[in-house]
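Notes for the one structure printed next.
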Amino acid sequence: MATTWIITADTAVSSLLDTARSLGAPVTLVALTPEASAVDGVSTVVALDAGDAPVEALAPAVAETVTAGDGDVVLLPNRPAERVIAGALAARLGAPVLTGVREVGTVSVTRARFGGIALETVATSGPVVIVADGGAEAPVGEPVPATPTTSVYPARVTASSAASTTVANLASAKRIVAVGRGLKSEADLAMIRALAARLGAELACSRPLAEGLDWLPKDVYIGVSGQTVTPDLYLAIGISGQLQHMVGAQDARTIVVVNTDDKAPILAYADYAVVGDLYDVVPALTEAL
Ligand SMILES: Cc1cc2nc3c(=O)[nH]c(=O)nc-3n(C[C@H](O)[C@H](O)[C@H](O)COP(=O)(O)OP(=O)(O)OC[C@H]3O[C@@H](n4cnc5c(N)ncnc54)[C@H](O)[C@@H]3O)c2cc1C
């Protein structure tokens, strides 16, 4: 019988688990970390302990573990290390790697093309490696003992230190406050941060604020060349809503917009909109919250 594999470096894989369970085959989770735990609905968890090797160097060990046969589906979350593993694994297995996948069936997958403005259906036979959104944190159970492996590429972590920027966990964020070029100065980010903090939200932005203005780190901009997010709430402030931005945010459950322009494209995506100046609306909203 076919197996569905999930390869992941962390536990933010609830969407992949839903997909795996829907396929009906036994699910094996390969954890790219020695600290793995049992997961509901997963028949086997294999925890790989690569010592001081970086996650990406585990590709040979993953390939040895995943003996994918006909009909096997290998799922990986769309994160940097797992994308590297997906490519290396697909090459080893002689399997296609499909990215941007939205739906997985037993004989076909649907995936986003051209930044999400088109959907493509791909018929599959034999093993297939699929990169899709991982989803939120999955509930975990008892710890699983790790299997030490020496099948790693020759790379090792020699030092690690805290980065100067705060790490954002946008992929699993329930609430996101995103800001765009409507903001006049970097100092005004304090006002947006205050609103995000009041909402318990992560801070994100449009690309110009992260690439060009450099007011925020590059890993927090949303869009076709940035992050794709699916929060319950996406509050977009001073963002015009160009397609390249919206493909990363359009699947948010509720989109709230603050913009001075009542003809801004983002209004077409909004569940609620305040047409007004963010310098009036944001402090008032923070105060009201
Ligand atoms: C190949 C390619 C890839 C790209 N990838 C991405 C991507 O991944 N992510 C991304 O974001 N962009 C991406 N872009 C850029 C994208 O096309 C837009 O240029 C960008 O998203 C615009 O950012 P913005 O909405 O912040 O700025 P603008 O388009 O300048 O919009 C600013 C908005 O703020 C409003 N505003 C101004 N003042 C105020 C105020 N006081 N109060 C309230 N509202 C105000 C304006 O009405 C306007 O709607 C890409 C472009 C290309 C060509």
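Numbering starts at 1 and runs along the chain as displayed.
Any Cβ shown, glycine's included, is placed from N, Cα and C.
Annotated FAD binding site per TrEMBL: R181, S206, R207, G238, I239, S240, G241, Q242, L243, Q244, H245, N259, in sequence order. The domain 'Electron transfer flavoprotein alpha/beta-subunit N-terminal' annotation in TrEMBL covers 15-145. What TrEMBL records for 169-249 is domain 'Electron transfer flavoprotein alpha subunit C-terminal'.
Location within the structure of each feature annotated in TrEMBL.
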residue: R181; record: FAD binding site; Cβ contacts under 8 Å, 6 or more apart: S206, P208, L209, G238, I239, S240
residue: R207; record: FAD binding site; Cβ contacts under 8 Å, 6 or more apart: Y221, G223, S225, G226, Q244, H245
residue: G241; record: FAD binding site; Cβ contacts under 8 Å, 6 or more apart: V257, A264, P265, I266, L267, A268, Y269
residue: L243; record: FAD binding site; Cβ contacts under 8 Å, 6 or more apart: G115, I117, V224, P265
Secondary structure tally of the domain 'Electron transfer flavoprotein alpha/beta-subunit N-terminal' (15-145) (DSSP, helix then strand then coil): 37 helix, 50 strand, 44 coil
Mean of the pLDDT scores, which run from 0 to 100, over the domain 'Electron transfer flavoprotein alpha subunit C-terminal' (169-249): 95
H245 (FAD binding site) CB neighbourhood, other CB atoms within 10 A: 28
In three-state DSSP terms, the structure that G241 (FAD binding site) belongs to: coil
All-chain count of other Cβ atoms within 10 Å of I239 (FAD binding site): 30
For the domain 'Electron transfer flavoprotein alpha subunit C-terminal' (169-249), residues assigned helix / strand / coil by DSSP: 25 helix, 17 strand, 39 coil
